[in-house]
Amino acid sequence: MGKSESQMDITDINTPKPKKKQRWTPLEISLSVLVLLLTIIAVTMIALYATYDDGICKSSDCIKSAARLIQNMDATAEPCTDFFKYACGGWLKRNVIPETSSRYGNFDILRDELEVVLKDVLQEPKTEDIVAVQKAKTLYRSCINESAIDSRGGEPLLKLLPDVYGWPVATENWEQKYGASWTAEKAIAQLNSKYGKKVLINLFVGTDDKNSVNHVIHIDQPRLGLPSRDYYECTGIYKEACTAYVDFMISVARLIRQEERLPIDENQLALEMNKVMELEKEIANATAKPEDRNDPMLLYKKMTLAQIQNNFSLEINGKPFSWLNFTNEIMSTVNISITNEEDVVVYAPEYLTKLKPILTKYSARDLQNLMSWRFIMDLVSSLSRTYKESRNAFRKALYGTTSETATWRRCANYVNGNMENAVGRLYVEAAFAGESKHVVEDLIAQIREVFIQTLDDLTWMDAETKKRAEEKALAIKERIGYPDDIVSNDNKLNNEYLELNYKEDEYFENIIQNLKFSQSKQLKKLREKVDKDEWISGAAVVNAFYSSGRNQIVFPAGILQPPFFSAQQSNSLNYGGIGMVIGHEITHGFDDNGRNFNKDGDLVDWWTQQSASNFKEQSQCMVYQYGNFSWDLAGGQHLNGINTLGENIADNGGLGQAYRAYQNYIKKNGEEKLLPGLDLNHKQLFFLNFAQVWCGTYRPEYAVNSIKTDVHSPGNFRIIGTLQNSAEFSEAFHCRKNSYMNPEKKCRVW
């Protein structure tokens, strides 16, 4: 650059000779003083401005957090009248449920984003991939290979059906082909042992609740083809689902007969599939309601196989059913021999008693039609487009969706569900900030400490039970992010999937291979000890978990992200996000189910009679509170306060513990800077971030479904119910007494 004029002036060489110095005039003196004063004022103002702190955080992370909160909320709504609208009104205006989704919320958006990461890491093979990762990528490619899947039609399924005694409605001369060799023991066992499909009788190997280091055989009622036993009323809001279900059966039977070039008698198809529906209705009515199955002490009934034979004799196809033969048909596939002295835990004795008269009314053909159908219906979406489309009306009736999930999304989820450690490794390497592990460890320690301190406040619990509750809380083991082995131990990861070998053009066979592998692995556990260090979740999951049998809490890498957590966001948001989730999972150890298990994970009554009675009384308050919520999206049905009790107790306890932990943080570290653009303090931001986790909505069909099947209250009621019980919330938002969000009667368990 050239010199400035001032520089040129200063450095002019031809400087004139100075004149004789003169006195300053009064005006010059006055002006000089004024200039000096103005200079001092200017310098002071600049210094003050440079050091002035307006208490607002202006970092990019604070700006992002504030923008997210502002976008989601409706500041014109009254927080003390409807905090769901206040916290989520903006979100509801900006978002529409995608055609492929049955519900849509902030949780679902996080899951959608995680699926994008999975797609990116699964679709590109790399030369440095270890064998386990190569297999995961092959499985993914086989799943998205729609041209190969479509070209095969229903052929892969047709080849498999003879292995499960066929499907009578889609088989010519079934009685001649299979009838003579058919036995109930073999037919029911074959689906279970090979493919993990439990129809009519649900036999599985799981942890022994009363001795949680051991595995034991369990016998329980089966799952149903429709979402819950209520659907089988087939009237009112359930009528469309029942019609679509039978039509779905008929459509698939027709497709198979067409592909097999067999004659099609529409009347016969309708007759047989309606018979299947009649049978399944009777089975549904024999099952116990969920609210009658929520006490693990009452559910647990251990007996020998010989006692089962005596207590629950069945007659099928005119022959007595041998429980010993049935169990051996299953366990022999993993070379385990069973005698009549084998211990079995029966979860559903009433169901088995009611099953007896039902089974005598139906032929082997009827029973096999149901069993094969229940197997087939799970596999239809793995076949060609024609088969997939036969499910459209059924999917719409249950979920309200008019389009299938994008193939790549479905496939990313499928691979993650079947190879969670291989996929977890890829996800962690691509997207997980490892330093967050230590921060979350510290948060867990703080919230656990608050839980223990809070025990002193509980007037309904005696000292003896408090002491045992403290011991259990201290014994809770935490798992954060991911198991180190999945990243550091290549051999262990490769060995986990050693038996699996996928082909890129055989997606259906790959699925069958996974079913067999998974079921065999589970059955083999019968003679093995429970590995209590095993993680109960993969890493690439947006969720958190508590295991009563392990007394373990798990926070996978997938949930350790905003709005739940970020090392860079305000602590009020972290405590209202992941802090509440931590408190929620800890409290699960003391909800209506978890409280029945001791610090070692065993089903043991460690409560005094008085404390147990008081717990039930305290809980009843929440049963009534949530049971009084009416959900417009589910046709005005009321929530089930009994089925959702455990989650509601955990929500309320978790929020209270996280808030007290945040107050402790402020006492120790001082107030945080406020967020820009929000006229809210950090106590208010704590509650706002908690609420915004649950922003979302449902399709009416899925609302009807989830109100009967989901143990969680819908998101809006998780916000309202929990905050109605929080005096700290009402104090933070200055809610007058008896406003909707600040009722006089408040429920508290923990």
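Any Cβ shown, glycine's included, is placed from N, Cα and C.
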Looking at Swiss-Prot, which one of Cys242, Cys411, Cys621, Cys695 makes a disulfide with Cys143?
Cys411
Can you match one of Glu509, Glu528, Glu534, Glu647 to the Zn(2+) site that Swiss-Prot gives for His584, His588?
Glu647
Check for me: which candidate out of Cys695, Cys735 does Swiss-Prot give as the disulfide partner of Cys80?
Cys735
Reduced DSSP assignment, Glu585 (active site):
helix
Count the other Cβ atoms sitting within 10 Å of the Cβ of Glu585 (active site), across every protein chain shown.
24
Mean of pLDDT values spanning the topological domain 'Cytoplasmic' (2-28):
42
